[in-house]
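Listed in Swiss-Prot for this protein:
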- 1-25: signal peptide (SIGNAL)
- 28-74: disulfide bond (DISULFID)
- 32-48: disulfide bond (DISULFID)
- 39-61: disulfide bond (DISULFID)
- 45-68: disulfide bond (DISULFID)
- 49-70: disulfide bond (DISULFID)
């Protein structure tokens with residue numbers, strides 16, 4: 001009985017983590033740290049972003065504050081796959097333990 005409760009607790013926690021990783025997928029944004037002044041033209045902003053060590057792939061000027069914002073794909077696909085494999089392994093181990101008892 002205690003193993004079943006533990007199994008369901010781990011499964012629910014894993015699903016919550018999986019859902020959290022899924023909501024973060026998409027595009028990561030950050031303000032360009034070396035940009036000075038008002039951002040009016042996209043081309044210099046893109047150049048500034050690509051020169052950053054964070055390996056940004058694109059950039060654009062924000063509409064209201066006119067700041068240079070750098071963008072890149074978030075690396076959550078790998079994290080999601082890893083998390084899914086870990087959850088599967090944990091679930092299989094718990095089921096195996098329940099069967100042995």
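Along the chain as shown, the residues are counted starting at 1.
Backbone N, Cα and C atoms are what each Cβ position is placed from, and that goes for glycine too.
The closest partner of residue 70 (disulfide bond) among the disulfide-bonded residues, by CA position, is 32; the full candidate set was 28, 32, 48. Just so you know, of the disulfide-bonded residues 45, 61, 74, the Cβ with the fewest other Cβ atoms around it within 10 Å is the one at 74.
In terms of Cα spacing, the disulfide-bonded residues 39, 61, 68 that come within 10 Å of residue 49 (disulfide bond) are 68. When Cβ neighbours within 10 Å are tallied across all protein chains shown, the highest count among the disulfide-bonded residues 28, 48, 68 belongs to 68.
With respect to their backbone Cα atoms, residue 68 (disulfide bond) and residue 32 (disulfide bond) stand 6 Å from each other. In the three-state DSSP reading, residue 70 (disulfide bond) counts as strand. Candidate disulfide-bonded residues: 28, 32, 45, 48, 74. Nearest to residue 61 (disulfide bond) by Cα distance: 45.
A count of other CB atoms within 10 A of each Cβ picks out 49 as the most crowded of the disulfide-bonded residues 32, 39, 49. Straight-line distance linking the Cα atoms of residue 39 (disulfide bond) and residue 45 (disulfide bond), rounded to a whole number, equals 7 Å.
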